[in-house]
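Colleague: The structure under discussion is supplied below as structure tokens; questions concerning it will follow.
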Amino acid sequence: MTYGAPDMPMSLPAATEAAVTREDVLRARDRWKVRESRSRGRWLRLLWLLAGPGVLVMLGENDGPSMISYATTGATYGIGFFVPFILLTFVLAFIVQEMTVRLGAVTQRGHAELIFQRFGPFWGYFAMADLVFGNILTLITEFIAIQAGGLYFGVPSWLSVTMGGILVFASLTLRRYWTWERAVMALTAFNLLFVPAALFAHPSGAALAHALVSWGPLPGGVTAGFVTLILSNIGATVTPWMIFFQQSAVVDKGLTKADIAEGRWDTALGTILAAIAAIATVAATAPLFAHHVDVSKLNDGADFATALRPLLGTTGATLFALGIIEAGLVAAMTISTSSAYAFCETFHERHSLNLSFSQGRWFYGVTIFSCLFAGGIVLIPGTPLVALTLTVNVIATLLMAPALVFLLLLINDREIMGDAANGWWSNLAGGATVGAISLVGVFYGVITAIPGLLGK
Amino acid sequence: MRNDPSPVCALEPGQLAAMRAQALPRRKLTQPALIFLGLLRLYVLVAVPIVCYAFVHALMTPQ
């Protein structure tokens, strides 16, 4: 049997000599179910078994800062140009994430270890460091979201941040990829709380349809603020941690080349659900635009929920605040795990959610430490949280370009990808997407770092 | 039965932890890829100071 490159060092005799670990046994149990479902032609069950990484990554990226970005968009422009635009950004995200499914399933390596092994230590350490640094800062913003959502309900900051941390740690105690994945997937369902919240805003179906068809209206025309929102919405949909997380999760789950089609469906399902939640957030906050509420005074989820209460009612605002807490919590779980995968892949430590605590002390250690650090920063009195959030956006967008370049180089590496490498059309779509996202990311980073570059 | 090897035959050889721990060989880079990576190094040299500037600027900005 071959997968990936036939000349790669993956000989069966060497494998059979090696010790079988707990991680192998747990993954093999999951694979038995997949094999059985495939042989019986039970496609829905097969999809259920193989779904996970795509749904988690897409709904995980609907995180605290992203939902605030969508809320700001709805409150600034209402239902119009940004509805189809947000849909387009999710199409771009799907194109990028689909490549990570193929990379993981074919090479059985995470993104960080592939960069390290194929391009050498300099790029390996750089990719890991830029991801972990960006992830820790992003993690801080997730705990800010949890704290802000809690404040709306009158929960003190220390309690909501502590509860968020405890839930992340509790998810790790499962020590089983499958169980962890299903638990976090159940949590991601709460991302759809933005849909009923939007219904309380009574959005016009005709306005939504008109926006989708005409890409308008665009009140105020093209301004510096409009450009910033365009870029921030792209940054809210495609980020470096998604690439690293989905590829590592695909490997940890045990997807193989035969499962790539189901991996694509999983990613498509996650894309559709996340796009629905994002557009629902725009629709939920559109009444703020209609009532000319000053958006510049709304900094976090609690501010938005409070401003929405007179317009959506208590239930609508409560759903919105709960959605913000969920967004921060799920992202805290997935982003901290993505840091742990990348760190351990680069430093050749064992990395899997199927490991026991003693086997995976570095893996679990990095996850726990990054959450403790991020949660601790949020609780330090006087910490410039708004400044940190701003910096996170700059770092994430500036560091997106290298991540995407390596993604393209790896997916075209026929030595490891074999016939699953990008074809001409895939390269055209992937290359255009990567080029466009990299350019706007750099542009966004520069105009955020140097305010006033575009005027007012 | 924690380490019972029997169900492991459901895995492809490359999925075993021991096999995944083996490093893939270093890629032989073509001229375009080398140019690409050279440009990326330049980009990193420019981007890192911007990131540092943004961070310091944000910290100095009054809340």
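From the backbone N, Cα and C atoms, a Cβ is placed for every residue, glycine too.
So TrEMBL lists these for the protein:
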TRANSMEM  A:43-59  transmembrane segment
TRANSMEM  A:79-101  transmembrane segment
TRANSMEM  A:122-145  transmembrane segment
TRANSMEM  A:151-172  transmembrane segment
TRANSMEM  A:184-202  transmembrane segment
TRANSMEM  A:222-244  transmembrane segment
TRANSMEM  A:265-290  transmembrane segment
TRANSMEM  A:319-341  transmembrane segment
TRANSMEM  A:362-380  transmembrane segment
TRANSMEM  A:386-411  transmembrane segment
TRANSMEM  A:423-447  transmembrane segment
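Quick one: how deep are these features, and who are their neighbours?
Modeller: Outside the transmembrane segment (A:43-59) by six or more residues, the chain places 30, 33-34, 37, 90, 93, 97, 101, 181-182, 184-185, 188, 191, 242, 245-246, 249-250, 253, 255, 259, 262-263, 265-271, 273-274, 277, 330, 334 with a CB less than 8 A from a CB of the stretch.
Counting only same-chain residues 6+ beyond the ends of the transmembrane segment (A:122-145), those with a CB under 8 A from a CB of the stretch are 63-65, 67-68, 111-113, 115-116, 161, 164-165, 239-241, 244, 300-301, 324-325, 327-329, 331-332, 335-336, 338-339, 342-343, 345-346, 370-371, 373-375, 377-378, 385, 388-389, 391-392, 395-396, 399, 402-403, 406.
Sequence-distant contacts of the transmembrane segment (A:222-244) (same chain, six or more residues past either end, CB-CB distance under 8 Å): 57, 60-61, 65-66, 69-70, 72-73, 76-77, 82, 85-86, 89-90, 92-93, 96-97, 100, 110-112, 130-131, 134-135, 138, 278, 334-335, 338-339, 341-342, 393, 396-397, 399-400, 403-404, 407, 437, 440-441, 443-444, 447-448, 454-456.
A Cβ distance under 8 Å defines the sequence-distant neighbours of the transmembrane segment (A:265-290), meaning residues of its chain 6+ beyond its ends; these are 47, 50-59, 61-62, 66-67, 70-79, 82-83, 86-87, 90-91, 93-94, 97-98, 101, 188, 191-192, 194-195, 197-198, 200-201, 203, 208, 219, 236-237, 246, 298, 304, 307-308, 311-312, 316, 320, 323.
Long-range neighbours of the transmembrane segment (A:423-447) within the same chain, counting only residues 6 or more positions beyond its ends whose Cβ lies under 8 Å from a Cβ of the stretch, are 92, 95-96, 99, 224, 227-228, 230-232, 234-235, 238, 393-395, 397-398, 400-401, 404-405, 407-408, 411-412, 453-454.
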Colleague: Hey, which bits of the same chain come close to the transmembrane segment (A:362-380), Cβ under 8 Å, at least six residues off its ends?
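Modeller: Sequence-remote neighbours of the transmembrane segment (A:362-380) are 132, 135-136, 139-140, 142-144, 147, 157-158, 161-162, 164-165, 168-169, 172, 332, 336-337, 339-341, 343-344, 347, 349-352, 355, 388.
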Colleague: Ranking A:79-101, A:151-172, A:184-202 by the number of C-beta pairs under 8 Å to the transmembrane segment (A:319-341), which range is first?
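Modeller: Maximum Cβ contact count belongs to A:184-202.
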